[in-house]
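Just below is one structure, and these are the notes that go with it.
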Amino acid sequence: MIDYKKILGDYTPDYEESLRLKCIENGIIKKLNDIISSRNIDAEPVSVGSYSKGTNLKNSDLDIFIVFSKKYPKNEMESIGLSLGHYILENGVEKYAEHPYVSGYIENVKIDIVPAYKIEPGQRIVSTVDRTPLHTKYVIENTDENLRNDIRLLKIFMKANNVYGSEVSKAGFSGYLCEILVINFKSFDAVIKYFSKLKGRLIIPENSGKKFQEPVVIVDPVDPTRNAGAAVSLENLSRMKIASKLFLLNKNESFFYPREISPRYHKRGTCIYIITLKRPDIIDDIIYPQVFRFERQIFNIADRYGFMPVSSEINVDNNIEILIELQRDVLPDVSKHAGPPVDSDESINFINVWKDRALRGPYIERDRLYVDSETRIKSFYDALNLELKKMDIGKNLNKLKDGIKIIKYNNSDFNVVKKFFSKDIFH
């Protein structure tokens, strides 16, 4: 029998950590209340996030929202909010989501102080962060200690199986989704059973599938116009289904702890290239969409030229690394070029264009015209170099094109190669 209490004990903050967080939170709230009152600001500080809900794991952050009256214009609200954030976090740095906010540390605890507008259930939001205090209220009102521990178990399970985290780089399940799922199904075990039997998309409530098209549809209990599961990828939904099936077949504690994965290097008989460039100093949520876009463009170029791409991988640290695996990286001297169907109005024009240029043809196969022509660009390296000059790889990456390197893999030490050869169900 699996010992959930032991697992929770390994991940749940102890009394000392909880007391320290409470003292820090109380101190921040008091200082904010004092300065808000002294400056006659129509706002109030609110503790949100997993700590305030009682669903946090060890080493959690503190999220303090300053909720403003809607009488303040957006620019003024943000300006006041940032000044209050810097008042609390003297060495804090400004970060940007939909609203700018201040992030820093107090006694080695990460603190985010976020300005937002105060809204009531059903009211129109100005930005997505405005819902967050309502999320906190919803979870507190709909959970008891047992459910909160089951929420923790689900978070632990998802983290260990690499499907937790709503950031763009992960595209997994957020903490709020874990809370909604456990509240909906009443226990951790019921959530796992649901995933193990799920066919197709996840849709809660079941009649919401037509309204939203994403793989995971979980209507936000505080805002029926929002799909809280929109960020979850089909791959991570699939991974969670498999993890749940495997867990129910063999219930053991290993499903709640990170697995050590070692690369399994082997000869593949393919051609592997690494495209590298320096990472710009911008946040993950901005850089990752550009890297994913660049990866897709490289793959599509390889396919269009006929290098027969097999797979790809990315890794983003201090450098951006994109791996592309090809069945071949050099093309033959002759390429077969497809023309229009013979029934097309363009068929005669195609013949006239190619009759004196083709190495062979034009000729017909079934109902289409073809020619054999000389391959102009034969190597993947040359093709990608040519295409890079005109490729749009995103606002921030475009500025770094001159620093892009294209390297043919030959047992070189790249993080993306380790990641590629470590790939399994959960990685």
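Cβ coordinates come from backbone N, Cα and C, glycine included.
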Candidate sharing the Mg(2+) site with Asp61, Asp63 (per Swiss-Prot), from Asp3, Asp10, Asp112: Asp112
Secondary structure at His135 (CTP binding site), reduced by DSSP to three states: helix
Asp112 (Mg(2+) binding site) versus binding-site residues Ser50, Lys53, Lys155, Tyr164 - nearest by Cα: Ser50
In the chain carrying Lys155 (CTP binding site), residues 6 or more apart in sequence that have Cβ under 8 angstroms from it: Thr55, Leu57, Tyr164, Gly175, Cys178
In sequence order, the binding-site residues (Ser50, Lys53, His135) whose C-alpha falls within 10 A of Asp63 (Mg(2+) binding site): Ser50
Rounded to the nearest Å - Cα separation of Asp61 (Mg(2+) binding site) and Lys53 (CTP binding site): 12
For His135 (CTP binding site), the number of other Cβ atoms found within 10 Å of its own Cβ: 22
Other residues, Cβ within 8 Å of Asp61, Asp63, Asp112 Cβ centroid (Mg(2+) site): Gly49, Leu62, Ile64, Ser103, Lys110, Ile111, Val114
